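What follows is a short report on a single structure.
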Amino acid sequence: MGEIEQRPTPGSRLGAPENSGISTLEHGQKPPPTPSGKLMSIKIQMLDDTQEAFEVPQRAPGKVLLDAVCNHLNLVEGDYFGLEFPDHKKITVWLDLLKPIVKQIRRPKHVVVKFVVKFFPPDHTQLQEELTRYLFALQVKQDLAQGRLACNDNSAALLISHIVQSEIGDFDEASDREHLAKNKYIPQQDALEDKIVEFHHNHIGQTPAESDFQLLEIARKLEMYGVRLHPAKDREGTKINLAVANTGILVFQGFTKINAFNWAKVRKLSFKRKRFLIKLRPDVNSSYQDTLEFLMASRDFCKSFWKICVEHHAFFRLFEEPKPKPKPVLFSRGSSLRFSGRTQKQVLDYVKEGGHKKVQFERKHSKIHSIRSLATQPSEPNSEVPKQAQQSVSLTLGESSEPPGGQSCPQGGDLTAASAEDAERQRGPGPSRSPAGSAKGDGASGAAAEEDEELVKDRPQQSRPRPPQPSTGSLTGSPHLSELSINSQGGTAPTNAILSPNLSPDTKQASPLVSPLLNDQAGPRAEDEDDGRRKRFPTDKAYFIAKEVSTTERTYLKDLEVITSWFQSTVSKEDSMPETLKSLIFPNFEPLHKFHTNFLKEIEQRLALWEGRSNAHIRGDYQRIGDVMLKNIQGMKQLAAHLWKHSEALEALETGIRGSRRLESLCRDFELQKVCYLPLNTFLLRPLHRLMHYKQVLERLCKHYPPSHSDFRDCRAALAEITEMVAQLHGTMIKMENFQKLHELKKDLIGVDNLVIPGREFIRLGSLSKLSGKGLQQRMFFLFNDVLLYTSRGLTASNQFKVHGQLPLYGMTMEESEEEWGVPHCLTLRGQRQSIVVAASSRPEMDKWVEDIQMAIDLAEKSSGPAPEFLASSPPDNKSPEEAAGDQESEDDLSASRTSLERQAPHRGNTMVHVCWHRNTSVSMVDFSVAVENQLSGNLLRKFKNSNGWQKLWVVFTNFCLFFYKSHQDNHPLASLPLLGYSLTIPSESEDIHKDYVFKLHFKSHVYYFRAESEYTFERWMEVIRSATSSASRAHAPSHKESHVY
């Protein structure tokens, strides 16, 4: 096409600006003079649905009108907004800020220009002004009403509840229902009214500014947040929708994202007539074609979308506004576009430097007038939200100052996109996230397949000083965002139970177990009369949030000791690990262990002062945790070099295992030890996951505290620091989680030659029934982004799954065939060489498989060709009925394998694959990523169905499983309870519990009751356990990137 492609300089590739001149948008520089002449009146519709008329000169550029609107609103961060209007062809376009208004709006008297949000940042905490967040909240409200912001019912109800809180204030049921009757926020609002009222009850005391903040926190994690769909077709003629976001270009089918092209992967964007072209950077690990082509309705539609892509790239990726290019002397070919306005980095820097004044503004639909700043310290101009460090911003925007616009091309425009670091890696299967690893101990084992607790013997404890008294973690008293946005099936914690705020179990009385069997006769009980004792613990929610930091930090230290102490000791006894690998693993974990040991001591000392248990004579305000968090998170930044090495250590360890039988045997034997309660490679990723936990805790603290609280400033600063660290390591974490999951699945499979190859991504695993000549046979299916494997449970000493065949997704079709075969929840999968018929255990389970398989097929169709063969020797499953009958496992075979073989090799008999096999369910990559976020530790009281007393245990929740310990000092769990398939409820009155803060876990005949110490702790356990008992639907779950857009 003859495009002129600009080559980046070495300085630009490293993120250095190409010029040192002053941008035309810097603070203090005068704007260009406004042209004189005849004035024209233009009607602007604001986000609160009011209309204002502005008079501007006819020859004035569009920027004059946008500046007039922003000045009218006293809006500092006006660069996030734009003006859109229907042109003479009725196509909605953005007002060009450089062109004269009269050339764009031909009949201004008959056109209403809308002032709307144009650029949606990856994190709403980057919006420094309360007014800006208020306008963003109005945009979310508008998108919700117009059906643009598609989400599940729980998310919609929670969004509306925050809108209602900001408009009418605290909960009053009569007022709520009257307000909802007069205001329609969503088309099907009547069906959600009860949920909205229920959620609104949890927001008592929340200011309008806080409601806006929470509204954006929920909305930003939805897949359709800020998305404007542009209809198109791919090369095969399939109808799709294109969209552009801060991360790059998105591809949707309906409202489901099926692909994404990050700016880091895009080399050029151009259009030719009505063909929109994306030229990707060469990548040996990618199966995509070099240039992707999409067909739009017309050249005008195509050019409009190309222009908004150029503007998004410039706003989010460049350091400063690109300079204008000299005009060609003779003639110009194609379209040329230069982004005009401050980039996001310039906006953030300007507001941080205090280039604005705090003023009042009026909320049209609210009774309350808001002051611009939430801060109480006049010297802190940006105190509402965490400060964003420059390094974090550069990761978001990309490390380049390469101008995207203004290049000439024949009959079209093009964009040379900027380079980026690995922090913006692209996810292949669209709206999915990389897994965190399957949990060892997650499966049913022992004599019966339905036995839910893996019983292990106690082991002697190493003597060590006893730390302060164990404490129990708990958190919020309101529904948590990740549950509503990721899990479409789960709602919020039930609120119909009457919970007493004063009752809590006695955490000061030790309850060691006499027997490790954890049955209803074992161990002393926390007697009922203990419950009536008066507790001296604080009742402030912040105290329980701080307590969660303490309890989870204990578990994190134990996980670090698995590497620094237990694994290092095992390695030192045998000369099977190369010195280079040792020097890569242990020196990068030992400083972390030392640092977090001191961190835990500081937290526990602060909690002791908070509770008044020690040093009561010392004066001072110790009922806060933000200063401790800020100090230590700043200290963690000095350890960032060690964190960067953990991904390298994981890859090096797996490479070493693959090349050395001795090292493979050593690691396999170490995983048999009770202290290694999860897969070994999972522990290598724990430090990265822990950073996310700190961020979540600080977000809850910032949400809980009013801006005037003495601890708010430190918590906000600590949140900014940890957000920066997470952003830097985010890309590495995504890659490593998928890498770890592939290696874990490889251990569970027989007959796979090269499962772990570049570009392969895990999507879902689970149990389905395959129809053969002998009827339905249970099979285990593994779905990747290029192939579908089906296996049966082998009767080997390791209980691995034998691969029967593979179905490449390229060219596959899928259809429901219940009527054809007379089997409920039945599907027919037709590959290029063979077809199979499978059935799911339930309709919801079938829908999950249909959704994920269809998404994977669509991705495979867009790849370069069929997936490579990677089965070692197993042919496709096209045996005769007699041969197929030999593969069918009888109940006697299964029983024999469960009773004898699993005891011989527990590390392969109780993985997540085996849990799915026994529970006849499935888990997806989204579910694994949710499990990474939702981890919790603390004391709980447990009661069996037919017992009277309560048993005090230290409980760790991670990887879909509850692990039970005598106390937090134990090195290994006594038992484990996999939660897949369990239902989580509150006991009914007929169950005769008569205790507060009790939740019930139920699976077939297995019933367990657990009791928390407070309402906060109760709701927190309900929240995280629900994430494991009901898996997420891909259509309503954000991708890993969307959940952690920092």
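Here the Cβ of each residue, glycine as well, is placed from N, Cα and C on the backbone.
Going by TrEMBL, these are the annotated features:
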type: COMPBIAS; residues: 373-382; note: compositional bias 'Polar residues'
type: COMPBIAS; residues: 388-399; note: compositional bias 'Polar residues'
type: COMPBIAS; residues: 436-448; note: compositional bias 'Low complexity'
type: COMPBIAS; residues: 472-512; note: compositional bias 'Polar residues'
type: COMPBIAS; residues: 884-894; note: compositional bias 'Acidic residues'
type: DOMAIN; residues: 40-320; note: domain 'FERM'
type: DOMAIN; residues: 541-732; note: domain 'DH'
type: DOMAIN; residues: 761-858; note: domain 'PH'
type: DOMAIN; residues: 933-1030; note: domain 'PH'
type: REGION; residues: 1-38; note: region 'Disordered'
type: REGION; residues: 361-535; note: region 'Disordered'
type: REGION; residues: 865-905; note: region 'Disordered'
Exercise. Top stretch among 40-320, 761-858, 933-1030 for CB pairs under 8 A with the domain 'DH' (541-732)?
Worked result: 933-1030
Exercise. Going by DSSP, how much of the domain 'PH' (933-1030) is helix, how much is strand and how much is coil, in residues?
Worked result: 19 helix, 41 strand, 38 coil
Seminar exercise, completed: What DSSP reports for the domain 'PH' (761-858) is 20 helix, 50 strand, 28 coil
Seminar exercise, completed: Restricted to the domain 'DH' (541-732), the mean pLDDT of the model is 88
